Amino acid sequence: MAYQAGEFDVIVIGAGHAGIEASLAAARMGSKTVMLTMNPDMVGFMYCNPSIGGPAKGIVVREIDALGGEMARAIDATYIQMKMLNTSKGPAVRALRAQADKFEYQNRMKKALEDEPNLLLRQALVERLIIEDDTCVGVVTNTGAEYRAKAVIITTGTFMRGKIIIGELSYESGPNNQMPSVNLSKHLEELGFELARFKTGTPPRIDGKTIDYSKTEIQPGDAVALPFSHETTQMITEQIPCWLTYTTEYTHQLIDANLHRSPMFSGMIKGTGPRYCPSIEDKVVRFSDKPRHQIFLEPEGRDTEEVYVQGLSTSLPEDVQHDILRSIPGLEKSEMMRPGYAIEYDAVVPTQLWPTLETKRIAGLFTAGQINGTSGYEEAAGQGIMAGINAALKVQERDPLILSRSQGYIGVMIDDLVTKGTNEPYRLLTSRAEYRLLLRHDNADLRLSDIGYDLGLINETRHAKLAEKKEDIQREMKRLEKVVIKATSEVNERLTEIGVSPLKEALHAITLLKRPEITYAMIADMTPPPVALSEEAAEQVEIQVKYAGYIDKQLDQVERMMRMEKKRIPERLDYDVISGLAIEAKQKLNQVRPLSIGQASRISGVNPSDISILLVYIEQGQYALTAE
């Protein structure tokens, strides 16, 4: 029996990593928000690896924090290990990675949702949308409840028509044997949305008491842990190590002997899997020359014995998984607590979205997270906060927020998805960002916190601290340009001690800092600033001085790109009447509907000659539009 369950500004379907950020962003911006989830006990649950961050992903977490999101604060409060990656490399690729206490993380996120006054968390299974005049105005649940809203965000993760596969066994299910969402997926197809079928997988979990750690290598966290969030002031001191072991020749023989039972190779799995997170059977087949593969043993929390076997993602039968585990050093007597599995699910083809993550087909309907074809908690959360922000802005009749490729990895990801699409689960990589020296872990707040403040997601205190940090950096940069360091015996003696050629003449401090061996701490010791800089400000000064040439070069590239972005394309431009455009270009342009010449130039299949023709056509000022 249908009944009216309430009116809201924003409805969010799903309570995973995308749904959490979407709900909190919309609510904190003043929109009355309801989050509908099949199981409120599984809010923010980590169905796959118990970790947050890593290359590119860790930078996304910092960006979410800079915009006022929750993920960074939650992991800072619940990690069991923190590590800065790529410290021996340049600043563009450094990123934090945390091992999470997945149960504490989940509880922390549920509390954040419950504590938000503008947000209601409610159990419900959404089966269809309410569409009026090509606009989404609400949802209907399996109990007949009708929720009305001005914007709806779908963040259903891998639940849509989910199917778990373990060897010859397959059954309809969401991840971790949760109930799947079947009717909503069918409903989206009925509405005309094109869906893709993707697959992901997870490894077995084992009982930590049955591991012989003496046969593995300890992997400790950093002695001095750094936070993800700029608001975190106190770090957890007691960390728990991970452990490293390897597959063996016998492991590979077991896998080869059972490939006929692997759903990946038998044709049972139809969905496309993630390129950068292959199953162990896929690795053994594709890299047959490798004698072994790394296996990381990752504790799932402080109060559980379950250990996640990173690197052993598999959908082989349960009995084969048991034998594989016991072929690995340290795991000879291990007991499996949960088997690994593959899960197939439906995803929306993301070229059907505007850069705001609103669907082109139905106004007021947004999608975010794995439903858009991405993989990973961080990618999902990054989309979630943007969908939540843009849904709230739409409700408030304000201009949308679109992050450019030069503003953040979140901008890179969304542009890739809506412009190029993806034929496999999309993972963020530093190599996807052409301006990665500008999109560093250390400057996320400088790039994005002003935006968060303008949206009302960053408070006055934090914004004032950011303004002070900016002033400190600029003041110190100017001071270093003026201060002269003389070639005294004391200075040269210190330079010689660290293997640097002595000065023959006086140098400006900024010039000396450009030398690779010289740190800002050394300069500050030789010529102390009037007021000591914070560690974060000092780091910025050093990076901005040492990489000034490269940064300036990328800023020039950004300026050229922005000129193309400013050349807007009418939303309903009729590409079919433009003579000279290649047939493939017309097809792709009609599909993506780019908003600018810059975006059009990034579409696969649209060549420079097509862009030139398009530019000339638009600049004439007279162009044909399609009917609405």
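Every residue gets a Cβ built from N, Cα and C, even glycine.
On a predicted model such as this, the values are computed, not experimentally measured, just so you know.
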- Query: The FAD site in Swiss-Prot includes G14, A15, G16, H17, A18, G19, S181, Q370. Which of V126, V320, V418 is also listed there?
  - Reply: V126
- Give the three-state DSSP assignment (helix, strand or coil) for V126 (FAD binding site). strand
- Neighbouring CB atoms within 10 angstroms of the CB of V126 (FAD binding site), all protein chains considered, total 25
- Task: Mind telling me which of the binding-site residues S279, Q370 has the densest Cβ neighbourhood, counting other Cβ atoms within 10 Å?
- Result: Q370
- Residue among binding-site residues G14, A18, V126, Q370 with Cα closest to the Cα of V285 (NAD(+) binding site): Q370
- Message: Return only the integer: C-alpha distance in Å from R275 (NAD(+) binding site) to G16 (FAD binding site).
- Response: 23
- Message: So if I measure Cβ to Cβ from G16 (FAD binding site) and keep only same-chain residues at least 6 apart in sequence, which ones fall under 8 Å?
- Response: G44, F45, T155, G157, G369, Q370, A380
- Query: Where the record says G14, A15, G16, H17, A18, G19, V126, S181, Q370 bind FAD, what is the longest distance in Å from one Cα to another among those residues?
  - Reply: 18
